[in-house]
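Chemist: Below is the structure I would like to discuss, written out as structure tokens.
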Amino acid sequence: MRYKKGGSTVQGIGRPSVYHAVVVIFLEFFAWGLLTTPMLTVLHETFPQHTFLMNGLIQGVKGLLSFMSAPLIGALSDVWGRRSFLLITVFFTCAPIPLMRLSPWWYFAMISMSGAFSVTFSVIFAYVADVTDERERSTAYGLVSATFAASLVTSPAIGAYLSAWYADICFILLAVPESLPDKMRLNTWGTPFTWEQADPFASLRKVGQDSTVLLICITVFLSYLPEAGQYSSFFLYLRQVINFSSTTIAVFIGVVGILSIVAQTLFLTLLMRYLGNKNTVLLGLGFQILQLAWYGFGSEPWMMWAAGAVAAMSSITFPAVSALVSQSADSDKQGVVQGMITGIRGLCNGLGPALYGFIFFLFNVEFNTMDPIQEEYTLIPGPPFLLGACTVVVAFLVALFIPEKTSCSSSSSSDGEDEEPLLHDSIV
């Protein structure tokens, strides 16, 4: 469908809205959520020796490629709009799925290479920033994050993942309208695209130019590093060390996902309203510390369930961080800034799984069978999780120094504005 906007024809259904972003996120991660349990089996069948290490290597390559490409895709979406890059990121992220049973080696190779386009969240958050004002943004980010959780909750119970994959691509092609108006695109102003914008290390250098974004990025790095490692190995850990069955793992995902939805919609809205962005981030980090410590010391199934409930509450951190960043960036820089944060997360997606796999290997937590094994009692059953809790403690201390409120530069700024930091501090 097409409609007129500002004298130009825009393709899509209705006006650009948060709900378009929500559907895209749901369909993409619905497809991946279906594969959680089958992928554990295929991973072990393909790499029967040192399963954790190979998992860390695969996810590590994917994460590093994501880190390298996130600034490029974010900057290009600022120039040419969000819609086409949503299509590209979703297509290449889901491209490996049909290869799972056809050729496991090609499947894992494609997963690694797909990291170059696994930056859907940065484009989605920029899309949401385009269509919401500052007051609505934190709630919108919470809705997107909650939808991500919902997709993982519902997917294990439903088959035919290929239909979800094709559905997402068709939805973007036919229904998602462009969110970035022509007049707001950098190419409309005659601003040339430079490869410096696509350099991930240039983005890291920009981080140091602004105290607020530096503190935020350090917080994101230290808090997401253990989270990325946890995502890569936690379900295998539950199966092998805690003796969860495949059915129990699916139920665990569902319960934690439902609690995450509640946390990222109802609780996040209330917390952002009454506590503010910074204090909500601090609260989320506090829950994450407790969750990781519980995973590290826990040796009984009930402890995992209790820690999972705490983990659901810790899921408020990233939407709160995204809202904190977006309210401080100019409207034409949303893609760059969100790409910068996504790039940091991509770096963590590369380092976290490798770090967790290596620590499991050092502590002789490695498996040559998919059957649950009985280990002798140890004081710390999950050493990587305990190390992760320590890094989040440091992230919490860093986050304490983030200014309470930041504000965008005014539209009356001088022509030298592009030399200024992306975020502008003002402590109130």
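Here the Cβ of each residue, glycine as well, is placed from N, Cα and C on the backbone.
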Chemist: Please find, within the list 80-99, 180-199, the residue stretch that TrEMBL describes as transmembrane segment.
Modeler: 80-99
Chemist: Please report, as numbers and ranges, the same-chain residues at least 6 past the borders of the transmembrane segment (303-325) whose CB is under 8 Å from any CB of it.
Modeler: 125, 137-138, 141-142, 144-145, 149, 213, 216, 219-220, 223-224, 238, 242, 244, 252, 255-257, 259-260, 262-264, 267-268, 271-272, 277-278, 280-281, 283-285, 287-288, 290-291, 294-295, 297, 337-338, 341, 402, 406, 423
Chemist: What average pLDDT does the predicted model assign to the domain 'Major facilitator superfamily (MFS) profile' (17-407)?
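Modeler: Average per-residue pLDDT within the domain 'Major facilitator superfamily (MFS) profile' (17-407): 75.
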Chemist: So which residues does the transmembrane segment (385-402) touch in its own chain, when a touch means Cβ under 8 Å and the partner is 6 or more beyond its ends?
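Modeler: Distant contacts of the transmembrane segment (385-402): 212, 215-216, 218-219, 221-223, 225-227, 229-230, 278, 281-282, 285-286, 288-289, 292-293, 295-297, 324, 359.
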Chemist: For the transmembrane segment (213-237), I need the partner stretch with the highest count of C-beta pairs below 8 angstroms, choosing only from 52-73, 105-128, 346-365.
Modeler: 346-365
